[in-house]
Every structure is written in structure tokens, then in C-alpha cells.
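Working notes for the structure below.
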Protein chains: 2
Amino acid sequence: MSISDEFAFIKDIQPDRLFHAEKVVGIGDDAAIIGVEEGFEKIVCVDTMVEGVHFTRETMKPFDIGYKALAANISDVAAMGGYPLYYLVSITIPKSWTQEELKSIYDGMKSLGEQYEMDLIGGDTTSGKTMVLSVFVIGKVENSKRLLRSNARVGDVMFVSGTVGDAAGGLDILLHNKNADKFETLVESHQRPKPQVTLGRILSKFERVSLNDVSDGLASELLEIAEASQVDIFINKETIPISEDLQRYDADNALKWALTGGEDFELVGSIPETDWAKLEKECLIAGMKITKIGTVASGEGKAFIKSYNGAVQELKKEGYNHFNRG
Amino acid sequence: MSISDEFAFIKDIQPDRLFHAEKVVGIGDDAAIIGVEEGFEKIVCVDTMVEGVHFTRETMKPFDIGYKALAANISDVAAMGGYPLYYLVSITIPKSWTQEELKSIYDGMKSLGEQYEMDLIGGDTTSGKTMVLSVFVIGKVENSKRLLRSNARVGDVMFVSGTVGDAAGGLDILLHNKNADKFETLVESHQRPKPQVTLGRILSKFERVSLNDVSDGLASELLEIAEASQVDIFINKETIPISEDLQRYDADNALKWALTGGEDFELVGSIPETDWAKLEKECLIAGMKITKIGTVASGEGKAFIKSYNGAVQELKKEGYNHFNRG
């Protein structure tokens, strides 16, 4: 079935209830108006997924495309220590997509959005040759809580949440049709990544934290922090958290994927050494994995990886850079 | 020249100054944080332009593509009676576009944005087969000022600003390569439409106003107001403001373009009969054209056009519906 009417489609994807009904008016009007809470600042971000670049119909179901597009944005809000509140969706639709598939994309967003009580408050629907899905998220964070990349200081502990490289491993499985059923956790890491909002909230209670989400790969995120803070970062190869499944799937590529694979949506950052034990304990209580992977030294914006044998290698920005692909 | 580095490009389009420097942090971080002013609500909207659907390289220069994409969003803010403040840009770039052309797109946005002291505070850059430009705008409006489509009441005066149909006439000239130099105002209406922020601000001072911007054509906008307000709208054919240039260019199609052409970004709406004289006077003082085109009657959401000879015709939603095109 092809879409014969934009208006009918838009009606179809209208949310049937609002979590923040008292704060929103004008949905479906020229623009949405959102109320402003005292004591909070607004967080805004946008993330776009393009067919053939970020996904294909083989690697992602429509539901997952929607889920992941929203997840990437929620992850950006988490990396600022905030809560997500609202989202707007701009979708460019090729004729070959059925109305049912399009509905699934929105269902995927809805499914994740509901976990965070987020409201879909607007969007734009256009036709085009390639599916392009842009999601715009608005969140909030307490006044002056700013978990910026530029907050790293000499002596800080560098940490990362969860495990890294799983999403890249999952994509490899999907691209080469290898044992997808045996490595479901890796495939799920690629298709339905979990943004770390709870950890972001825990981190927002600390005095000073530098923070990034792992969207382009650990190496790239570390370099962004090092550059923004004008420090050097040293991480230890052996401490990088790599999952057993990823080791089992491809031990040779596991480290490479951990450093440059991206789309893990874990949080990476730094915290004063004096706060590390408290952070570790709070994560333990909340049931979240967090790992000390290195330290911050004086420098001018570089990042290095050290091996147990003492070898030191400089990390380059080899993250997910669309323009260098194919 | 093709783009070899996303990071370099992003650096190239970073704004060199901020109008709201004291209210924004984190530009270039995972997300931007914006301060919240007491007494105001936030307005959020998104508008997307797709190559081959909304423009081609023949009909629009890169500068104009950026200009128009931002203009469409500012127009949505104007239609809510607000001021635009910030914008975020998601751009999907095919390999065939040069870095110079891309820079021009951002220059076009910057040129218009500066007129309203707007800051570019974030975005996403992806590659893809078709150029897709999504712009998200955040504006503000005083608490409880809501110029919604649902505000029309029986007895109201229907009005429209400026002239309508010029943008469609301009597109016709560009598509058929006809006398572009003789009808520059029409071509400019298509390529660099002017959002009506000042008029929106004037309207926001009135007690009750229903309002839409003319993005999909007058007929479609009137129907949206009629439906949202559950009233019927009657307009008089002879009062629809059509420019002399459009009449001169194509008298036969002028009315059709005025009703269904769209992208004029004028404001159309209703106001109580008792406020009409005051509004007319304020527009006169501000040097803005506003025309009474009809009245609001009881009904269930239809719109009609009357001729001087008494003939009445129902208006249909024949606006710019991408999915019905080609």
C-alpha cells in the first residue's frame, strides 16, 4: 500500500494521550507551545538516520529504525545529565515504504518515548527518494547543571558505562548474516540501544563531570573531551569493558570496534578522583556497570591508549564519519 | 570539491558570534542548553525541504535553499504570534554538492537568522543520495498568548496579509524559464519568502485571534481554521489580494495559485468584528498590507468562496500535498 494522503497519515500517528498535557498546546497547529518550568533549563538536540547510511531494510526493522532514532537523541540528553520531555519528527518517505511500515517507525519511537513519558508534539512529512528520519528532542536539566565536554581537569578519573563495541559487533553480524540467533545481545545493541538517562541523572548530582555519549566510538568521544578541556587523556587497553559475547563473536576485532565502532550510547567522561568511589558505589546500588578506564593529564587535547607492556599509542578520530564511508 | 571531512565542515559553519550568548551553553556538545525566561512559553516547530520535491538546483540557488528553509519555520513562529530565537539544522548531503554550495546554504540561513537575532545552536550532518534540509526552530511567546487555529468564532472577520499566489507564480516562471527578469518580485516570493513576524506580534496584542501561515495555499489554511474552530468560513473572490505582477504574468491562473499555490508565508486568520478597525489601523501605521476577505459563520468546518454574481463554491484541501505530486 502506498500513501495517498499526507493528512490521513498525520492523523494516524497523532498520539492518543499526552504525558505533559497541562504544559503543551497547539500540537498540529503551525507550531507547538510548551510551558516552561522554573528552576530548569531546556536541552535541545537533533539526530538523523539515513537509509543506506545508518540502516538498511536488511539490518533494521521499521520499528527499530524509529526506536533507535529516538534513542540516539535521548542519549544526547542523558549526556547532558537531563530528562527527555518532548520530540518532533521530520520524516522523508520514499514511495516504496508502506503505510504499515511507516506506522511501525512511529510505534518504535512511541515504545521508547513512553518509557520516559515523552510526548510527540510536532513534525513534518515530506516525500523523497531516500528515507531520512530526523528526530528533534527537547529535555530539561536543573539550572546550571552542565555536564559539558570541557569539564575534564588534570587528575580526573576517566570512566565509561556498560560495555563498548557491542553495537558494531551486532552490525557486523547483520551485514554478514552470521549467527544472529547466537548473539542476540549484540544484535539488540545495534538495533535497540539503551540510552543511559538514569546514569546521567546520577552524574548530574556531582559537582563537576565531563561527559559524552558513545555515538561515534570511544576514541572519538575521548578526543572530543580532551580537545574541549585542553587536557590529554590516557586510557589502559586492558580496562576497556568488552562484553563476553563480543569476545566470543570476534576476539580479533573486539578492541577495534570498542574504540571506533560507535552507536553504543554508553556514557564516557571524567570525574574528580575524590568523587570516584562515591560514583562507583551509587552505580553499584543502581545496578549499573561503570568502569575506570584511565586518567586525565596535562596536555593540549590528545588521547592515548597504553598496553600492559608499556606501549603507548595515540588515538585518532576514527569514529563514525559518514563522509569517509563508501 | 567533495567533502572529505564532516568535522571540518561543521567547524566551518560554526557561528562566529551569538546573539543570546548569556542564555546558551554547550553548542557543539551532545546537545545545547538554553536558558528559560520567566513569563514566556517556548514555541517549537520543524520544516523540511527535499531536493526534487521542494526545490531543484535550477529553481533555487544554495543560498536561497537555506534562506527559505529557515523562513518557513520563522513563519510558523509568526503564526503563533511569537519571536524566533534559535535554530538547529539537520542536513543530508549527496556527494555531488560542493563544500562551497553547502556553505552557501548556511549563509542563506545566517542572513535571514541575523535579521531576527537568531542563533544556530546545533545540528546533525549526514550523507545520503538526496539533499534533505530539516530546520528546527525554537521561539518564544508571552505566557497564554495563543493564536491557535481553533480560535475563530461566528461573526469574525477573516483577513489575509500581503498578496497570495506570488510564490506559485514565481515557481511557474522558474520551471518554464519564462521572463524571470520581468517578474523579479514573483521569483523572489518563491525563492526568498518573507515571514510575517511583525504582523504576528501585532496580532498577539489582540484578545482573540485565529491564525495560520499560508504554507499550503489559502484554501487549505482556511479549511484548517474552519475545522479546528468548527465553523464555516465564507470568502469573497473579488477581495482576495492578488498582486498586479501576478495578474500581468498569468491572469488565467492567478486565482488558482492564490487559493492552492502555497508557500506565500503570509498570515491568514480571523479576529472579532469589533477589533477589525483597530487591526487595520495598526497595519496601516506599520506599513503592512492586510485585507478583509470574508467572514465566519456557524457550521461544521467547511469553507466557501462567493463570486460577485452570487455563485458559491466549496473550497477543497487542494494545497501542497507532496504525496499527490508525480
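Every residue number used here counts from 1 along the chain in the order it is shown.
Quick reminder: no glycine exception, Cβ is built from N, Cα and C everywhere.
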Which single residue out of A:ASP76, A:ASP172, A:ASP250, A:ASP252 does TrEMBL record at the Mg(2+) 3 site shared with A:ASP30, A:ASP213? A:ASP76
Binding-site residues among A:ASP47, A:ASP76, A:ASP216, A:GLU263 whose Cβ lies under 8 Å from any chain B Cβ: A:ASP47, A:ASP76
Inside 10 Å of the Cβ of A:ASP47 (Mg(2+) 2 binding site), count up the other Cβ atoms and send me the figure. 26
Among the binding-site residues A:ASP76, A:ASP216, A:GLU263, which residue has the largest number of other Cβ atoms within 10 Å of its own Cβ? A:ASP76
Per DSSP, what is the helix/strand/coil residue tally across the domain 'PurM-like C-terminal' (A:153-302)? 69 helix, 29 strand, 52 coil
